[in-house]
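**Q** Copying in the features that TrEMBL gives for the protein in this structure:
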- 52-303: domain 'Radical SAM core' (DOMAIN)
- Cys66, Cys70, Cys73: [4Fe-4S] cluster binding site (BINDING)
- Phe72, Glu178: S-adenosyl-L-methionine binding site (BINDING)
- Ser142, Ser296, Ser318: (3R)-3-methyl-D-ornithine binding site (BINDING)
Amino acid sequence: MSATNGQALLDKALAGERLSHAEIARLYTLPLPDVAAVAHELRLRRTDPNVVTFLIDRNINYSNVCNVACNFCAFYRTDRQKDAYVLDYEQISHKIRELEAVGGTRILMQGGVNPNLPFDYYTELLRHIKRHHPTIRIEAFSPEEILGFEKFFGMDAPRILDLLIEAGLDGLPGAGGEILEDDVRAKAAPARIKSADWFRILDVAQAKGLYTISTMVIGFGETYEQRASHLLKIRDQQDKALRDYGNGFAGFAMWSLQTANTRLAGKAPGATAHEYLQQIAVARIALDNQPNIQTSWPAQGFKVAQTALFYGANDLGSTMLEENVVSAAGGHGRYSATVRELVRIAVDAGFTPAQRNSYFQVIKYPDVEELLKPNLEVVAGD
Ligand code: SF4
């Protein structure tokens with residue numbers, strides 16, 4: 001039975017009933033404070049109500065050479081451009097040592113889709129990292145890169161992932177999800193991985209026990225129906241992965257499109273704070289099988305990210321010692337955060353901050369008093 005009026009629909013969501021496509025699309029037309037109240041209540045029920053989590057990690061982009069040429073990407077280069085690069089293993093190790101020094105637990109390592117690198121570059125890189133940095137988890141290679149590997153190396157995704165796992169791969173980031181409707185994808189990036197391939201590759205990863213995360217980017221000019229379709233496809237995949245493999249997406253991360261320095265500048269609308277918070281709330285309600293919803297401070301800034309903690313989000317993402325992709329396209333002016341900043345965001349909002357691992361399990365409660373102690377010595381000494 002479909003809820004026909006707004007209040008009945010919100011009551012249905014609050015009762016924990018699963019919503020249909022039409023009902024999810026309808027949520028976008030209801031007053032945001034009402035939708036947010038339901039989303040926040042569901043967040044309190046589905047996760048520790050007192051805790052807001054964050055991860056200490058680092059993004060590493062091993063190469064910016066890419067042959068996909070997405071219209072919304074300001075990061076990629078062709079191999080003929082002067083600032084095209086491929087990092088060597090020691091450069092990557094240096095970055096990981098900086099992460100280890102601040103207690104980090106994982107790297108998120110992605111490139112462009114570089115047609116010039118041999119498969120050995122990836123397997124030897126994984127082995128090098130595991131050998132020199134055994135405590136660091138390696139979550140690497142988006143579905144788009146795995147699709148590229150299929151074409152470049154003549155192997156299918158199951159074989160590729162077997163070889164990468166054997167070399168040390170721990171997980172596959174769900175980057176490239178954007179809006180998983182091919183009409184939207186075709187306009188934003190004609191050569192971009194199709195939604196069926198995105199799910200196919202992540203399904204293989206989940207079947208093999210790898211960590212995965214689901215993602216969404218709004219602001220391409222997509223309709224509410226297309227956003228609802230995106231969420232439903234993710235919900236369906238999560239049902240399947242949990243049922244068949246006992247290994248679904250660890251969480252859901254959502255951000256808004258950044259278009260500065262890209263071919264979509266002035267063409268795609270992006271998303272305002274209201275729209276972003278609305279999408280967090282709708283995702284929390286729609287994704288009844290994913291307890292962890294992450295807000296994005298690089299795309300919307302610290303203040304909107306903090307507000308999102310009352311719209312369904314329970315996680316502040318990560319410190320990201322380094323970020324190159326969102327920042328190349330504008331972002332919100334900040335591309336790394338300190339533990340102190342993330343702790344303060346959580347504490348001021350009334351939550352207990354906790355450092356987590358990739359699976360959203362708490363590994364440490366930081367010393368809040370020590371971290372937030374005012375330090376005026378620098379000013380006094382000036
Ligand atoms: S978004 Fe990724 S796949 Fe697309 S051009 Fe940029 S680096 Fe390449």
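Residue 1 is the first one shown; counting continues down the chain.
Every residue, even glycine, has its Cβ placed from backbone N, Cα and C.
Owing to the predicted nature of the structure, the values given are computational and were not obtained by experimental measurement.
Give me the structural setting of these features: burial, nearby parts and distances.
**A** Predicted-model confidence for the domain 'Radical SAM core' (52-303) is 95, expressed as mean pLDDT.
All protein chains included, Cys73 ([4Fe-4S] cluster binding site) registers 23 other Cβ atoms within 10 Å of its own Cβ.
Within the same chain, the residues at least 6 positions away from Glu178 (S-adenosyl-L-methionine binding site) whose Cβ sits under 8 Å from its Cβ are Val184, Arg185, Ala188, Arg192, Thr215, Met216, Val217, Phe220, listed in sequence order. Under DSSP, Glu178 (S-adenosyl-L-methionine binding site) is assigned to coil, being neither helix nor strand in the three-state scheme.
The number of other CB atoms found within 10 A of the CB of Ser142 ((3R)-3-methyl-D-ornithine binding site), across every protein chain shown, is 23.
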**Q** Which of the binding-site residues Cys70, Ser296, Ser318 have a Cβ less than 6 Å from any atom of ligand 1?
**A** Cys70
**Q** Per residue, counting other C-beta atoms within 10 angstroms of the C-beta, which of the binding-site residues Ser296, Ser318 reaches the highest number?
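**A** Ranked by Cβ atoms within 10 Å, first place goes to Ser318.
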**Q** Using a 10 Å cut-off, grab the number of neighbouring Cβ atoms around the Cβ of Phe72 (S-adenosyl-L-methionine binding site), all chains included.
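**A** There are 21 of them.
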**Q** Taking the centroid of the Cβ atoms of Cys66, Cys70, Cys73 ([4Fe-4S] cluster site), which other same-chain residues have Cβ within 8 Å of it?
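**A** These residues sit around the [4Fe-4S] cluster site: Val68, Ala69, Phe72, Phe75, Tyr76, Gly112, Ala189.
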**Q** Where does Cys70 ([4Fe-4S] cluster binding site) sit in DSSP terms: helix, strand, or coil?
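**A** SS state of Cys70 ([4Fe-4S] cluster binding site) = coil.
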